[in-house]
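Comments concern the structure below.
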Amino acid sequence: MATGKIIKSLSGFYYVLHDGEVYQCRGRGNFRKKKVSPLVGDMVEFKADNHEEGYILSIHERKNEFVRPPISNVDQALIVTSAIHPDFNSLLLDRFLVLVEAKRIEPFIVISKMDQLDKSLVEEMETYKAQYEKIGYPVILSAVNDSDSMDEIQAHLAGRTTVIAGQSGVGKSSLLNSIDPRLSIDTDEISESLGRGKHTTRHVELYDISGGLVADTPGFSSLEFGDLELEQLPECFPEFVEVQNDCKFRGCLHHKEPKCAVKAGVENGGISEHRYDHYLQFMQEIQNRKPRY
Ligand SMILES: Nc1nc2c(ncn2[C@@H]2O[C@H](COP(=O)(O)OP(=O)(O)OP(=O)(O)O)[C@@H](O)[C@H]2O)c(=O)[nH]1
Ligand SMILES: [Mg+2]
Ligand SMILES: [Zn+2]
């Protein structure tokens with residue numbers, strides 16, 4: 001028996017990484033009775049006499065888990081958003097950030113395709129970078145042909161399990177290929193991938209990159225706030241959390257309450273207006289959610 005980590009799940013097989021080698025396994029353990037199915041990212045006990053016919057006996061307790069994409073034991077999330085093609089979209093970026101914050105996973109942000117911009121757009125992206133870094137999120141302005149930016153991303157990936165998220169066509173697979181050309185993950189022309197409204201990358205796989213494991217995923221296919229409660233939403237905005245003790249009311253939702261430190265922050269410029277606007281939009285979305293039983 002040995003301990004390993006599931007790095008890929010495809011057609012009923014689990015691929016378990018152990019000591020630098022991969023074993024193809026089926027699930028056979030008593031976890032099946034408990035209706036737990038192995039996930040990419042799981043640490044497992046497995047038995048294998050050769051590389052093709054192993055089986056998984058048990059699954060270690062998970063640190064965290066996602067349903068879409070199906071993956072567990074994630075340390076951090078890399079959110080990729082392109083500066084152009086598709087256009088930079090701060091609403092979508094904030095949506096990803098909230099989803100990641102709700103899972104209590106640390107995000108970092110890459111704004112890709114910086115090589116395709118004219119000067120005024122470069123300045124706009126630099127302004128966004130400064131705003132998000134002030135909140136505490138690292139931001140890397142990148143282009144696949146800019147090796148400094150690729151080195152910087154690589155340094156963030158080392159030694160941790162990272163899930164990559166972002167809209168289709170923003171360049172998630174391309175940047176992994178650029179960091180490690182041996183991967184040669186499929187990438188797609190933007191027009192095509194958007195036209196079909198589908199992701200080029202379809203299955204979840206963890207790649208071994210610079211001593212870290214990275215999941216190139218089709219992105220979060222569900223960008224809805226699902227089971228996020230209204231009261232949890234302010235906690236997903238670190239710059240709100242930072243000032244919330246100065247709000248007059250405990251549990252202030254920073255909306256209609258008087259003497260609210262967040263609203264004061266928006267007024268005096270300490271908190272970005274677009275972040276607050278997006279917060280109100282998300283709030284409304286959660287309030288309008290149909291009750292589910
Ligand atoms: N100019 C430029 N083009 C890029 C860059 N990164 C990616 N692209 C192009 O953007 C297109 C989409 O890239 P992908 O890597 O397939 O995007 P993806 O995010 O993996 O997309 P899905 O797998 O569909 O989710 C490809 O044509 C890439 O060549 C970049 O830094 N600069
Ligand atoms: Mg891809
Ligand atoms: Zn408040």
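First residue shown is number 1, and so on along the chain.
Backbone N, Cα and C define each Cβ position, glycine as well.
According to TrEMBL, the protein has these features:
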DOMAIN    63-223  domain 'CP-type G'
DOMAIN    72-221  domain 'EngC GTPase'
BINDING   S112, K113, M114, D115, G166, Q167, S168, G169, V170, G171, K172, S173, S174  GTP binding site
BINDING   C247, C252, H254, C260  Zn(2+) binding site
For C260 (Zn(2+) binding site) and K172 (GTP binding site), determine the Cα separation and express it in whole Å.
39
For ligand 1, which among the binding-site residues S168, K172, S174, C252, H254, C260 have a CB under 6 Å from it?
S168, K172, S174
Neighbourhood of V170 (GTP binding site), C-beta criterion under 8 angstroms, separation at least six:
V80, T81, S82, P86, S112, K113
Anything from the binding-site residues S112, M114, G166, S168, V170, C247 with its Cβ under 6 A from ligand 3? List those in sequence order.
C247
Note the Cβ centroid of C247, C252, H254, C260, the recorded Zn(2+) site, then list each other residue of that chain whose Cβ lies within 8 Å of it, in sequence.
P234, Q244, K248, F249, L253, H255, E257, K259, A261, V262, K263
Going through the binding-site residues M114, S168, K172, C247, H254 in sequence order, which have a CB under 6 Å from an atom of ligand 2?
K172
Measure from the Cα of K172 (GTP binding site) to the Cα of every one of the binding-site residues C247, C252, H254, then give the nearest.
H254
With every protein chain in view, what's the tally of Cβ atoms within 10 Å of the Cβ of M114 (GTP binding site), excluding that atom itself?
22
Could you give the mean pLDDT over the domain 'CP-type G' (63-223), rounded to a whole number?
87
For S174 (GTP binding site), which DSSP three-state class applies?
helix
On the DSSP side of things, how many residues of the domain 'EngC GTPase' (72-221) fall into helix, strand and coil, could you say?
62 helix, 33 strand, 55 coil
Taking only the binding-site residues C247, C252, H254, which one has a CA atom nearest to the CA atom of S174 (GTP binding site)?
H254
